[in-house]
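Enquirer: Next up is a structure, given as structure tokens.
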Amino acid sequence: MEAVFLIFLMLSVACGRHHNHHCAHDEIPAPPYNFAAQEYYEPTGHGRRTTSNSYEPIRIHVITQNLAALDSARQSFLMNTLVPAAVSVLSRALSVVRVQGPLRVNRNCGSTWQVAGSPCASVGQPVRCGYMPDGTSAAVADYLLNSLQTCSSCNADGTCNPSSCTTSANGTGVSNADFVLYVTSATTGSCPASAGDGTLAYASTCVRDQYDRPIMGQANFCPVALSSSSSAWEDQLSTAVHELLHALGFSTDSWALFRHQDGTPRTPRGADGLPALTPTLCTDGVTRTVRAPSASTLLVRQERGVIVNRMVTPKVVAVARDLLGCSTLEGPELENQPTTSGSCFGSHWEQRLFPQEMMASTASHNSFISALTLAALEDSGWYRANWSMAEPLVYGRNAGCAWATERCIDSSGVAQDGFCNVAQQDGCMRPTPLMTTDHRS
């Protein structure tokens, strides 16, 4: 990322659109993993239905709250124009095995009896989703929660005193939904002080189903950066889609939870159902204990003197090889510039290779969903992609293996085609500090 980008290939699509908003996705502390089993159609004698005709466009149910910081015009723009437009894009791009019946999530169990099958001993902290002004998330409303039995007096054999047991009621849930999205517009510590000077929005996953697919997420649109101006529309929409894709699973928190197409985990699971905590070398060179994805999902190693993360799932590899014209490419790189001391793998495609991609870390030009992002989402095991939604990437097309894997500028100062090292060169842009971290949103 020290190299300077030669952007002559992008000049025709720039259209005066240049923004370097800061993507705070990897800087916001990730919510703890929460899971809630949903009802899916499963034929007798078979596992989860995964044939292509089982998948239908994802239904996203939107809940808005904490919009008081917006005037009525911008509230209307957010609720009635921007978010519906982003949801429409994603509903056309992605299909899922649909939830049967109402979508609800589980209440947390605070403590358990040490006998298999025993009920909870106490109710835990509320399930949370939907950003608050202080940066925390609000408690999920009771109508979205499953019932939970708690018993304060149980025996060693697992039987409990009925008089010590209480059962909360099932909420009504949300019908005809596969994903619940909490949309807020709160001025949090991650929001900029002025428009055009930082984060427009950020998002994350709150709850997943029994197959790890995100079923509830949250997105916050910073009030100072939200604009209903027609000149800002493309920026606002592409950022909204980008952030919702993070909530739907394009995120460092999801890589270790990816599944094969038959529903089995790509990364082995422990007794708790999660990948093991493993000492892992992160993009900033620090070894941390994290739930690391298997080497069949993400290949992590040193290349060119830096830590490189390559996504090596089947469809992603095939798309990247075709795009870059490199039949031996192991996989496309994720952004290796750490966005925060706590981020290990990154949640974006490598900016220097895929600057046009919707899920690149920085947007200073028109960006769009390409086959690369659709391939990653399909390789998650949770989605089927509508490939007709993919826009072709021009930058780097058939550039070859050396262009895709070697340094932009060699040790003698010679730049590869497509890169330059002279800021004054025509069509050349020297990266600013903003371009060395994630500034997509």
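Here the Cβ of each residue, glycine as well, is placed from N, Cα and C on the backbone.
Annotations per TrEMBL:
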SIGNAL    1-16  signal peptide
BINDING   His242, His246, His348  Zn(2+) binding site
ACT_SITE  Glu243  active site
Enquirer: Round to a whole number and give the Cα-to-Cα distance in Å for the pair Glu243 (active site) and His348 (Zn(2+) binding site).
Expert: 11
Enquirer: Tell me, how many other CB atoms lie within 10 A of the CB of the residue listed as 'active site', whichever protein chain they belong to?
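Expert: So the number of other Cβ atoms within 10 Å of the residue listed as 'active site' is 28.
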Enquirer: For His242 (Zn(2+) binding site), which DSSP three-state class applies?
Expert: helix
Enquirer: Within 10 angstroms of the C-beta of His246 (Zn(2+) binding site), what count of other C-beta atoms is obtained when all protein chains are considered?
Expert: 29
Enquirer: Using DSSP reduced to three states, classify His348 (Zn(2+) binding site) as helix, strand or coil.
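Expert: The residue in question, His348 (Zn(2+) binding site), is coil (DSSP, three-state).
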Enquirer: Around His348 (Zn(2+) binding site), how many other CB atoms lie within 10 A of its CB?
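Expert: Within a 10 Å radius of the Cβ of His348 (Zn(2+) binding site) lie 28 other Cβ atoms.
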Enquirer: Enter the number of other CB atoms within 10 angstroms of the CB of His242 (Zn(2+) binding site).
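Expert: For His242 (Zn(2+) binding site), the 10 Å Cβ neighbour count is 29.
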